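J.: Here it is, the structure, as structure tokens.
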Amino acid sequence: MTGQAESQAWSSHEGAAALAAPVLAEKRRAFDWRVLLGFFLPILIALLWEAAVTFGVAQGRLVPPPSRILATLAALSETGELWTHVWATLWRILAGFAIGAAAGIVLGALSGANETIRRLLDPTLQALRAIPSIAWVPLFILWLGIFEASKVALIAVGVFFPVYLGIAGAILSVDRKLVEVGHVFRLSRTKLARRILLPAVLPEALIALRSGLGLGFMFVVAAEFMGASEGLGYLLVDGQQMGKPDQILAAIIAFALLGKIADSILVYSTKPLVRWQDTVRERL
Amino acid sequence: MLSLEHLSKTYADGTRALSDINLMVHEAEIVGLIGGSGCGKTTLLRLIAGLDRASAGAIRLDGETIDGPNPAVGIVFQEPRLLPWLSVFDNIAFGLDNVSSAERKARVGHALEKIGLAEHAKRWPRDLSGGQQQRVAIARAFVTNPKVLLLDEPFSALDAFTRASLHEHLLGLWEETRPTVVLVTHDVQEAVTLADRAIVMQPKPGRIFDELGLGLARPRDKAGLPFETSVRRVLTALDQSLNTPQKQPQRERDRQAAALWW
Ligand SMILES: Nc1ncnc2c1ncn2[C@@H]1O[C@H](COP(=O)(O)OP(=O)(O)OP(=O)(O)O)[C@@H](O)[C@H]1O
Ligand SMILES: [Mg+2]
């Protein structure tokens, strides 16, 4: 935000007030090279560790050097094994996220929009929320078996709560003054929902979906720990049992990349919807 | 003609915000409502706009009773209340739902010209100054061609320069369709600049204390003697309205308080 204010001040200093808008737009679009600064530290540490192992300062048995991790990743990817695991994990997250988010959106919207429903629903859901989700695992396994269904259910539970809370909270905090503008122009209930409530809750709803997706990634690991024959979580367990720290780290890196990519896709695909917002969101 | 008959409003907590308000506003008349804080000015506008229900009495517009939001009544709030996700153009067009898109374009385009924001049509509200936002809010109320336009201290958050130019914009828009206007203000100068008649209100319970016809020709010469005289008359009436209910010894203190207030 300061950056924007600065550039605004600059352009008016230059006396190019009329040109300010296009100049600003260009600056926003231009790539900010300072982003690369973020890569500096991890790369430096990686290189130092690599050097330490190469020159025999460290053994690198429990903490393998980057080159070995990359080689493991490459090998896994060459045999196609990596992609099987990535795909298995991704599929579980997407299925769980879809179910959890859909339920969270529907119940959150109902509970936010209607006082009676909120009084009926909210206490129960809040009580359920207090249960650590992992505690459901034994029950889900008994009910749904040890295969996909119980895993997807666990992820869905993890995704549900932040989405439910976010949506209900967003609806409850819609500015009464804007709703009144809708009344002044005599909008019907459905039009009020579409033209005022929906756009007003959208930014918070997207943040809720984002944290839901983040929790989905947390819970997929838990789900895959409870006995899976494929998936990145399985790679982790397998690496531990076989004493292959390079495989564990390779799986962790794959997780990080996958999570970041999924989050970025969510953020960028929804960006046009909330472009009107002040720029704070971009820094979240 | 807008007529308020024995209008009263008591809020659920027992606050008597308005008591027995009787007022007639003619077509194309601009009425300035003025009075101290808490004397029910906002309450009165909200009743006329149909955003609240009166406890007693009736509001009629050309004989038709108003008891809810009405297409013939537009309102501009104290804050701009623009929808942040709509462009300036779409904000102004917000009330033009059942109008063909060509006409919508023409009407909004014309309003944008009038308020001097034609080149800002595609910007977001967040990129406008406070005065520009308030102009957009006024245009949004005007484009639907209401018969009655209610303005609740629309300029109170702005500096004197911006305010003066907004008065021009407002009169410019008003000239075109000449709606009836009820303008709430804290500012005597503003009331005399814009209104044909000043209504002075008193609090606890909110009621009308005095009405003053201003009878000045338009455009008004703010440096002229008639203008000065009118300002002084309204100030005197306001002073009296603040003093009457109190006992004598409080008089001087109140006068000082009033002087500070304005
Ligand atoms: N929703 C409400 N519930 C209860 N009392 C209210 C409510 N709104 C306003 N009041 C009370 O009604 C009285 C009139 O309020 P109102 O907002 O109409 O005053 P006002 O003349 O617009 O004041 P100001 O110039 O400060 O805006 C005040 O005493 C206020 O406290
Ligand atoms: Mg008020």
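A Cβ is built for glycine as well, from the same backbone N, Cα and C atoms used for every other residue.
The domain 'ABC transmembrane type-1' annotation in TrEMBL covers A:86-266. The transmembrane segment annotation in TrEMBL covers A:35-58, A:90-113, A:125-146, A:152-172, A:215-236, A:248-268.
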J.: What same-chain residues lie close to the transmembrane segment (A:125-146): Cβ under 8 Å, and 6 or more beyond its ends?
T.: 107, 111, 153-154, 157-158, 161, 164-165, 219, 222, 226-227
J.: Under a criterion of three or more Cβ pairs within a distance under 8 Å and sequence separation of at least 6, are the transmembrane segment (A:215-236) and the transmembrane segment (A:35-58) in contact?
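T.: Contact criterion not met.
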J.: Counting only residues 6+ away from its ends, which parts of the chain sit with a Cβ under 8 Å from the transmembrane segment (A:248-268)?
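T.: Residues packing against the transmembrane segment (A:248-268) from afar: 64, 69, 72-73, 76, 82, 85-86, 89-90, 93, 206, 209-210, 213-214, 217, 221, 232-233, 235-236, 239-240.
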J.: Apart from its near flanks, which chain residues at least 6 from the ends of the transmembrane segment (A:35-58) lie with a Cβ under 8 angstroms of it?
T.: 64-67
